[in-house]
Every structure is written in structure tokens, then in C-alpha cells.
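A.B. asks: Got these off Swiss-Prot a minute ago, pasting:
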{"type": "ACT_SITE", "residues": "207", "note": "active site, proton acceptor"}
{"type": "BINDING", "residues": "62, 64, 207, 211, 242", "note": "NAD(+) binding site"}
{"type": "BINDING", "residues": "194", "note": "substrate binding site"}
{"type": "TOPO_DOM", "residues": "1-17", "note": "topological domain 'Cytoplasmic'"}
{"type": "TOPO_DOM", "residues": "39-325", "note": "topological domain 'Lumenal'"}
{"type": "TRANSMEM", "residues": "18-38", "note": "transmembrane segment"}
């Protein structure tokens, strides 16, 4: 009598014999090969989109901005690195200038030092940016600041500080560079927003408000500049493993100084930077780069708002309790 294990073994052998003796295996291998070739061609096309393009990156010296600089430099972009720290900008510029990418001509980045939160610095910075390579092909509004605190305890000055950095600064810089793009009938404006530009989490009010404003402004901009052949992409990442929470401001304006667990477990900034390059190459309009649960919350907010609000209230209670325990 043949045992069950033997029958399974025989059946498995017959299936493998069938696969290898027919066209199924070559067909499967062919499909895998075609898919791999498609992905390779797609990646090359995305890199070609920014090759020799003038790409401006704000907040370039740390976190996601720094990784975007590395990824776009390796793709052959001519970078204009922007930030507040001249020494850090020059250090990054030297690092990139010394690096090489196989099969790609790379370029020494230009640096422009200014504070995005200073309204008086924007016009001069925009002029300096345009002088670097003569024009701008891609503007990546990446610089930003995060916030942690209860609304009732938060100073209006903190709200203004977050809005100045996350909203008014990027808007002012975009407006300053936009006329040059319109004249050339060419350009791509990118806003690095957040999943919190689509949903609001408790104890993140100033940050969420600034990102909701960012989403709204750049959605309007997209519609208005379409006639000039200018692309606008809003990127909404979830948690990224950077120092964003460490450098966040609190209700009284002091530094938060804590690496949140969700941030520590967030996606690699390198991976997010690569996804941003891919989104630009595909000329996507609105992209959410988040894990399934945060992405689901965006739909839940629309489809089942009552449930979403209850979940947020529960989250607020838990967070409040953990702070007082």
C-alpha cells in the first residue's frame, strides 16, 4: 500500500515532469525575463528624466533631502543644494563631486545658503539659484520642520514658525522661480508633503495644518500651470527613519529631542528618495509613499469618517495617558 507521503512525492514529480516537458517553463522564464527587462527600461527612463536637468533641493543637508541629493546626483542631475548651513552644504557638495555613477556623467553641485523661514531671503535666494545653471528644471520643496504638542498649550508663535517653514517658505520660493519656468514652458515643481497633509493626527496640529495647506496650494498650482506645460507633483510620505521627530518643536518652541518609535521604524530615506525619482519620471500628480495602515487611514477618513474620528480620539487618549504615566 502506497503511503500518503509517497503519493504526494509522485504527484509532485509528475507535475514537474509536465512543466519541464511542455512550453510552460520556457513561457514562465520568458515572462520573468520580460518583466525584468521592463523594470530595467522603466528605471533607465526615470533616470533619463533628470539626466542633465537642473534640480533644486531645499533642506538638502539632512534626512530625505540629503538622500534625494545622492539619488538625483547619481542619475546625472545638475544639483542646486539649498539649506541654512553653508558648511554642511559645501561638505555634501564635495562628497557628491567626488562620487561617480557607472555610465552616467555627473556634475559638481552648486550650493545656495538661505533660511526658507525668512521671507526677506527668498527673492535673493531665487536669483542666486537661477544664476547657478541659468534655469531650473525641477524644484523639490523638501525643507520642513515637525511639531509635537497639545493645541491648548501651543504658543501662536510656534504655529507661525511651523507654517513659515513648511508652507509660506516653499510657496514663496515656488512663486519666485515660477516665472522663469513659464517663460521656458518647461518645469516640474515637487512638494514633499506628508500623509498628515491628508489626515490629521492628535498632538501634531501645527504640522498637519501646514501640510494640509501645502496639499491645497500645490493642487491649485497644478491646475493653473498645466497650460504652460509645467508639472506639479505632491509627495505624501508616511514615517521615514530620519531625525525629523528629534528636531521637532514642542508647544513652547523648545526642541522635542525624542526619536518616536514610529519614526525609528519608518522607511529608509534612500528608498523614499528613489521612489520620488520614480514618481517624477512617471510624471505622477499625487503620490502616497506610506505603509498599508496609514494609506488605509486616508480612505477611512473619506469612506467612514465617524470610525476614523473615534480612532483618532482613542489615539489621543492613549498618547495623553502615556505622557502622564
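Cβ coordinates are placed from backbone N, Cα and C, and glycine is handled just like the others.
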A.B. asks: Which one, from the binding-site residues 62, 194, 242, has the smallest tally of other C-beta atoms lying within 10 Å of its C-beta?
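C.D. replies: Among the binding-site residues 62, 194, 242, the lowest count of other Cβ atoms within 10 Å belongs to 62.
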A.B. asks: Specify the count of other C-beta atoms within 10 Å of the C-beta of residue 64 (NAD(+) binding site).
C.D. replies: 27
A.B. asks: Averaged over the topological domain 'Lumenal' (39-325), what pLDDT does the prediction give?
C.D. replies: 93
A.B. asks: Roughly how many Å separate the Cα of residue 242 (NAD(+) binding site) from that of residue 194 (substrate binding site), to the nearest whole number?
C.D. replies: 14
A.B. asks: Rounded to a whole number, how many Å is the Cα of the residue listed as 'substrate binding site' away from the Cα of residue 207 (active site, proton acceptor)?
C.D. replies: 9
A.B. asks: Identify, in sequence order, the residues in the chain of residue 211 (NAD(+) binding site) that are 6 or more apart from it along the sequence and have a CB within less than 8 Å of its CB; answer 'none' if there are none.
C.D. replies: 166, 193, 194, 196, 197, 236
A.B. asks: How many Å lie between the Cα of residue 62 (NAD(+) binding site) and the Cα of residue 207 (active site, proton acceptor)?
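C.D. replies: About 19 Å separate the Cα atoms of these two residues.
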A.B. asks: Please report the distance from the Cα of residue 207 (active site, proton acceptor) to the Cα of residue 64 (NAD(+) binding site), rounded to the nearest angstrom.
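C.D. replies: If we compare the Cα positions of residue 207 (active site, proton acceptor) and residue 64 (NAD(+) binding site), the gap is 17 Å.
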A.B. asks: Under a three-state reduction of DSSP output, how is residue 211 (NAD(+) binding site) classified: helix, strand, or coil?
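C.D. replies: The residue in question, residue 211 (NAD(+) binding site), is helix (DSSP, three-state).
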A.B. asks: With every protein chain in view, how many other Cβ atoms are within 10 Å of the Cβ of the residue listed as 'active site, proton acceptor'?
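C.D. replies: Its Cβ shell of radius 10 Å holds 26 other Cβ atoms.
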